Amino acid sequence: MFIVVVTIFENYTQWYSSLLTIFSLTIKRKLKTIRSMQDSTSKCTCTEHHMGGTICCCCRSDAEENEQLTSVILSRKPPPQEQCRGNLLVFINPNSGTGKSLETFANTVGPKLDKSLIRYEVVVTTGPNHARNVLMTKADLGKFNGVLILSGDGLVFEALNGILCREDAFRIFPTLPIGIVPSGSGNGLLCSVLSKYGTKMNEKSVMERALEIATSPTAKAESVALYSVKTDNQSYASFLSIGWGLMADIDIDSEKWRKSLGHHRFTVMGFIRSCNLRSYKGRLTYRPYKPKGFHPSSNVFSVYEKTTQQRIDDSKVKTNGSVSDSEEETMETKFQNWTLPDSDETLAVGSSDLEETVVIEDNFVNIYAVTLSHIAADGPFAPSAKLEDNRIHLSYILWKDIGTRVNIAKYLLAIEHETHLDLPFVKHVEVSSMKLEVISEGSHVVLDGEVVDTKTIEVASTKNHISVFSSTA
């Protein structure tokens, strides 16, 4: 008996040591980056004079700092209307990421927009669904050239689903481009867009390029595919990811370290979850992707050449200068039909074509489906994904296939090097629709980085798209 106990202990110590070795260099490197960032900002210059106000960012509490920054931002003088090159609706989440979004706007984004003669209306969000409610009810969206978001993917998700509640949602989606300045822990949409144009995937390069595009009068936008999502009690528009199991838990359970570690929180929690690995019983159903003649194409346009309303008007006008009744009816009913795939080429899970449907009921370690290449700056999760393409890149890991916990650690670290899909225990397939049914409790269902309260989630590709700031002329 003693020998058995000793053997078990030695095996446990061996795999724990292996996990620690695998993660140690990565964690040390990321924590070194955090310390260097903290050191670079620790010396107080006390005051910065900007936009008619004085900003001190290190000698008072976060609440006092946010209050003063908000006051300075809202009291700015916009460029004269006759000189204006464009107009943006700006949403700032003061609590996203490490909590520096207000400072970023006051000291960097605002001055650059002023210099470019771009006017802006600022909304500083005060809590969940603030941006959603603004975009759901705002009557003058048409006057803006675009929306600029200082936060992470979560606020983009909230904004899109606010627009989804409007009667003119499917006119607004492609004609109101969204710009992003990374201020949250997760910036998958931005990284996916920038990587297409060769931006290096590190924090400094992503921020610099995002700032350049967001504040440039020659900014261009292009199409990003939109997906239909249905849960137990609500429907959503989605653009990025659906997760359940390991990676969803890492994302949500590390939220408590958001301000102290930033996006490095994922690495630390990844180590913890690899040591304390869980399995989850669920049923996964999916339809393999078949294009069937549908070839998505990207619509690239200048952000400031026209307002949103002008782009909407252009989309209505046909060669004879009128809009057909059938077209208007189609646009009005798209909102009602959003719970179904808006495509003749794809079918919802559970349709009559059962021979093409795959069903897996088992114990899962991880289910993660993405529609874009990146979920963060570390490396592409789905290297073959394209912005405008309407296929879903589904990957999953079964408990019976993983072997040891060390393999999970290798999987998480392999994402950064684009080799995770080559691991033998990782299954991946391109699908047009999928359905997840949660059988056992214990994990979060995460949609575009946000927790959704549901035991069933259905996702389907559509022909709809949004537009996102992507480049400069």
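Heads up, the Cβ atoms here are built off N, Cα and C, so glycines get one too.
As the structure is a computational prediction, the values presented were derived from the model and not from experiment.
Annotated domain 'DAGKc' per Swiss-Prot: 83-233, in sequence order. On the 0 to 100 pLDDT scale, the domain 'DAGKc' (83-233) averages 94 in this prediction.
Per Swiss-Prot, the feature ATP binding site maps to 93-95, 125-129, Glu158, 184-186, Arg258, Arg265, 448-450; the stated evidence is sequence analysis. Annotation for Gly184 (ATP binding site): spatial neighbours Asn93, Ser96, Gly97, Ser151, Gly152, Asp153, Gly154, Leu155, criterion Cβ-Cβ under 8 Å with sequence separation of six or more.
Annotation source Swiss-Prot lists substrate binding site at Ser151, Gly152, Asp153, Gly154, Asp251. With a 10 A radius on its CB, Gly152 (substrate binding site) counts 27 other CB atoms from all the protein chains. According to its DSSP assignment, Gly152 (substrate binding site) is coil.
Look at Swiss-Prot and you will find Asp153 tagged as active site, proton donor/acceptor, backed by similarity to another entry.
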Original post:
If you count the other Cβ atoms within 10 Å of each Cβ, which of the binding-site residues Pro128, Gly154, Gly449 comes out on top?
Top reply: Gly449
**OP:** Would you mind pulling the longest C-alpha to C-alpha span across Ser151, Gly152, Asp153, Gly154, Asp251, which the record has binding substrate, in angstrom?
**Re:** 16
**OP:** List the same-chain residues at least 6 positions away in sequence whose Cβ sits under 8 Å from the Cβ of Thr125 (ATP binding site), in sequence order, or say none.
**Re:** Phe91, Ile92, Asn93, Pro94, Ala131, Ser151, Leu155
**OP:** List the Cα distance (Å, whole number) between Asp251 (substrate binding site) and Pro128 (ATP binding site).
**Re:** 18
